[in-house]
Amino acid sequence: MAVSKDNPLALCRTFFFIPGADQAALLDALNGGGDVLVQELEDFTPPSRRAEARALSVSIMQHWRECGRISSVRINPFETCGYEDLEAVMAARPQVVMMSKVEACEQMIELDKQITRLEAQYAIEAGSTLIVPNIETALGVVRAIEIAHSSPRIKAMLVATEDMVADLGAGRSRAGTELYYPRSRFLLECAAAGVLAIDSPYTFADDAGAEADMQFARSIGYQAKGVVNPAHVAVANRYLTPTAAEADLARRQIEAFEQAASTGSVRAEVDGLVVEVPSYLQSRRLLERYQQLQRVQASRGGNA
């Protein structure tokens, strides 16, 4: 099942996580080109600074929205300090609330309930705040479809890197082969659920490694990426944006197939590739995505 074009996050390629109490980094994040900016209140914010981070939320998220970015926050699980996080940050009207370490539907049902209460409290349009579960364990991956269906607010899910490796007991490598199966399985689960799959962040300060990681992600079908290194935002955006050459090929495949269909045929050939219904539909999706992302880029003054 393809991600619905009505999904508000369908065109979001990069979800950039910024330390929640670092005001300078939160403001500078606008210069990096991330589609969704995430004030990170969990691992990137020491417990001693979480109150400080929560106090920054209102001004930071308003500024992000005014500059055309989607504002998001990642809160801790309710089992730790998630309730305190949510109570504080909902006053900032985040468009997306992420929760870390999700592996059960009950967590999302409770989060939906609390957001509904706080939307009413702050006169936020009912149902407008989206939820993005962060899946960080093997149990979360195998329950991904159930979790995706646990709340109508869930339009995307993200799979983690370091916590997933630790949960699997795997060795950590720059190549990331230890995560190939969890990432592939997670993508499949999200596709079946009809939600956007957000790939795990590449956590090494290694530009060549980040390129290789994105090549793999793109090759298996990911259209969105979690990012923790500002230098990797542009890399991810580049790989997740169809090129002009790809758009031109898609356009020619569409035209050739439609011309063939008008004569009663169910296939065409373009550049040696047979174009049938599945590839025709994929070409239409790619061309539409290319055109939509071109408009997004134009609205940002040419910055991806």
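Note that Cβ sites are derived from N, Cα and C of the backbone, with glycine treated the same way.
According to TrEMBL, the protein carries these features:
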| type | residues | note |
| --- | --- | --- |
| DOMAIN | 13-230 | domain 'HpcH/HpaI aldolase/citrate lyase' |
| BINDING | R74, E136 | substrate binding site |
| BINDING | E136, D163 | Mg(2+) binding site |
Specify the secondary structure state of R74 (substrate binding site) as given by DSSP, simplified to three classes.
strand
Could you tally the C-beta atoms, other than its own, that fall within 10 angstroms of the C-beta of R74 (substrate binding site)?
27
Could you tell me which of these binding-site residues, E136, D163, has the fewest other Cβ atoms within 10 Å of its Cβ?
D163
Cα distance, D163 (Mg(2+) binding site) to R74 (substrate binding site), nearest Å?
15
Three-state secondary structure, E136 (substrate binding site) (per DSSP):
coil
Distance from E136 (substrate binding site) back to D163 (Mg(2+) binding site), taken between C-alpha atoms, in Å:
6
Where does D163 (Mg(2+) binding site) sit in the DSSP three-state scheme?
helix
